[in-house]
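Below: the structure, in C-alpha cells.
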Amino acid sequence: MADAGAHGSTASGAGAAGLTRGAAAGGVAGGTATAPAVLQVEGLSAAYGPVRALQDVTLQAEHGRITAVLGANGAGKTTLLRTISGLVRPTAGRVVLGGEDVTRAPVEAMVTKGMAHVPEGRGVIAELTVDENLRVGSLFRGKVPSEEFERVYTFFPRIAERRNQTAHTLSGGERQMLVIGRALLARPKVLLLDEPSLGLAPRIVAQIFAMVRHLVDTEGLSVLLVEQNARSALSVADTGVVLNLGRVVVTDDAARLAGDEDLRHAYLGF
Amino acid sequence: MREFINLTLGGVITGAVYAAFALALVLIWRSTRIVNFAQGAMAAITTFIALSLIESGQSYWVGLAVALLAGLVLGAVVERLVIRPVEGGPELNAVIVTLGLFIAIQALISVLFGVNQRAFVAPFSTIGFRVGDSSLALSPNTLFTLGAVLLVMVGLTALFRYTRVGLAMRASAFGQEVARLLGVRVGRMLTLGWALAAVVGSLAGMLIAAEVTFVTPTYMDALIVFGFVAAVLGGLDSPVGAVVGGLLLGLLLSYVRGYVGDELVGLAALAVLVVVLLVRPGGLFSTTQTRRA
C-alpha cells in the first residue's frame, strides 16, 4: 500500500503537485472518495510465470461512477480485470465486492455476486444468436421477465433488429452493444469493461461511451473501464487511474488527469 | 432396380447408425475439442453389459435401458477422471489418452466377458418385408433402428435449441471463458456433454449389435472409422452435418459394396476422408471458416 502511495507522489511531483491522489494513496479506507466504493482492489499482484504483470495495485470503483484505468500496451490493464474477476489468480492482495472478499471465489460465481466482466475482444459468442447471447447472460438468475430483454432491445435498437441472427453477422459496434446489454441483464453491482473502443471507428467509440455514461447516470451502474484510448475514456470517466508496468502511477479526478499535460505526455500518449 | 432399392435402403439404415455414432463424436468435439477414439470401446462395453443381462433372462428393453444408463455414467466418469486432467493441455495429449482408454476398455471387456463371439438377438424381426415375390432390405428391426436414431436426433436438437441446459452447453462449447464469466458452470457442462455423447454412442452400439447379430470385444472397431469419416464429412462441429454425413457415407458405402465389391468398402471410406480433407476440410456443414490442422 505504501508503495502505491509513493508512486502516486512521484507522479504528482512531475505534474499536478498538491492535488489529492485519493484512492491510490488512501486506498481501502476510501480516501477522498465522494461515493461509496462498490469494488475495492487492495495491493493486488499477479504474475505470468516469472513475469510480474501487476504489482501492488490498489484502486476502487465507486457507486454510480465510471473509473477509467489507463495506460499503454502491456501496462497490465487487461491482467488487472482478469485478476479481479478470477480468471488470473493473484499472488497477493484482495478483491472486495460490496464488502465481501471475493479474491478466491470461482470465476463462475462472480456474476452471481454482482460482477459483470466484458472481456477484451467483446466476448460475444459468435455461434449463438443475438437473443441466445442475451439469454446466456441471464441464465444464472433463473427465469427473467421478458420485459428486461425488451428494455435492452429498446436501449439498443440496432441489435433488436438482429435478435434472431447469429452474432457473427454483427459489426464491431453492434457486438459491443450486445455485450453491454448482456451485462446489464446480470444486474451487476459493478461492470468491468475491457477496451470497448478496440477496433471501432471514432464515431462508434463516442456512441458507445455516451451509452455507458447514460447507463451510469440513469441506472446507477458502476463501471471499471480499462482503456488504451485515454482521451475518449477520460472524457466520460469520473476518476482516472494510470497504470504503468503493472503499477498504479496516479489516481485522480478524470478532468484533472486530462488537463495534466506532463502526465498525458508521459503515460497516456495524447 | 430391385437391387438399387435394396442397396439404398441398406445404405440409409447403416448410414443412420453411422450418423448416431458420428453424433456422439461431434458432441464431444464441440464441447472439448477432442476426438474420442475410445467411443467405440465405451459403446462395446455397455453393449456387453446389456447382453449379459439379456442372456440372464432380462428383456431387451431392460438391457437397452441399462446400457444407456451405463453409458451416461461411464461418459461422466471418463470425463472427470481421465479427460479433465489433460484438458487445456496440448491437443495431442487428449488424443493419446483416448487411444489408451480405447485399448484399456477393450482389454477390460475381454477380461470381464471373454473374447468369444456371442450372439446378439435383435428386439424385432430381421426378416425383410416382402413386396410381391421379392423381399426388401427393410425389416421391423431396421425400422426400429431408424426410429431410435431419429428420436435421438430430434431429442438432442430440442435439448440444444429449446432448453436452458442446452443453451448453457452450447455457450460452454463455443466460448468457454465468456461462458464462465456469465456464470455458466462450464466444467459441469463438459461432463454432461461427455455423458450425453456416451449415451448416444451406447445406443449406436446396441443398434449395431442387433444388425451384425454377433458381437466380440472388437466389434465396434470398424464403426469408429466410419463414424469418424461421417463426422468429418459433415463437419466435426455440426450435429446436422453428422447426420447428413452419416447418411451420405452409408449410401455411398452401400453402393460400393453392391456394385463394386465388399472388399473395397474400407478403402472407399478412407478415400472419402482424404477427399473431404483436401477439398473441404471444414466438412459440408462447418460454421467456422478455417480449421487448424
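Cβ atoms here come from the backbone N, Cα and C positions, even for glycine.
TrEMBL labels come from automatic prediction, so no person has curated them.
Here is what TrEMBL records for this protein:
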type     : residues  : note
TRANSMEM : B:6-27    : transmembrane segment
TRANSMEM : B:34-54   : transmembrane segment
TRANSMEM : B:60-82   : transmembrane segment
TRANSMEM : B:94-115  : transmembrane segment
TRANSMEM : B:143-162 : transmembrane segment
TRANSMEM : B:190-210 : transmembrane segment
TRANSMEM : B:222-252 : transmembrane segment
TRANSMEM : B:264-283 : transmembrane segment
Counting only residues at least 6 beyond its ends, the same-chain positions whose CB falls under 8 A of a CB in the transmembrane segment (B:190-210) are 17, 20-21, 23-25, 27-28, 30-32, 36, 39-40, 42-44, 46-47, 50-51, 63-64, 67-68, 70-76, 78-80, 83-84, 87, 120-123, 126, 141, 145, 148-149, 152, 156, 165, 169, 172-173, 219-220, 223, 227
Seg_contact(the transmembrane segment (B:143-162), the transmembrane segment (B:94-115)) with at least 3 CB pairs under 8 angstroms, min sep 6: no
Long-range Cβ contacts under 8 Å made by the transmembrane segment (B:60-82), restricted to residues 6 or more beyond its ends, are 32, 38, 42-43, 45-47, 49-51, 53-54, 97, 101, 121, 123, 190-203, 205-206
Taking contact to mean three or more C-beta pairs under 8 angstroms, with sequence separation of 6 or more, is the transmembrane segment (B:222-252) in contact with the transmembrane segment (B:264-283)? yes
Tertiary contacts of the transmembrane segment (B:34-54), defined by C-beta under 8 angstroms and 6+ residue spacing from its ends, are 21, 24-25, 28, 60, 62-64, 66-68, 70-71, 74-75, 78, 83, 91, 94-95, 98-99, 101-103, 105-106, 108-109, 112-113, 118, 120-121, 194, 197-198, 201-202, 204-206, 209, 215, 217-221, 223-224, 227-228, 236
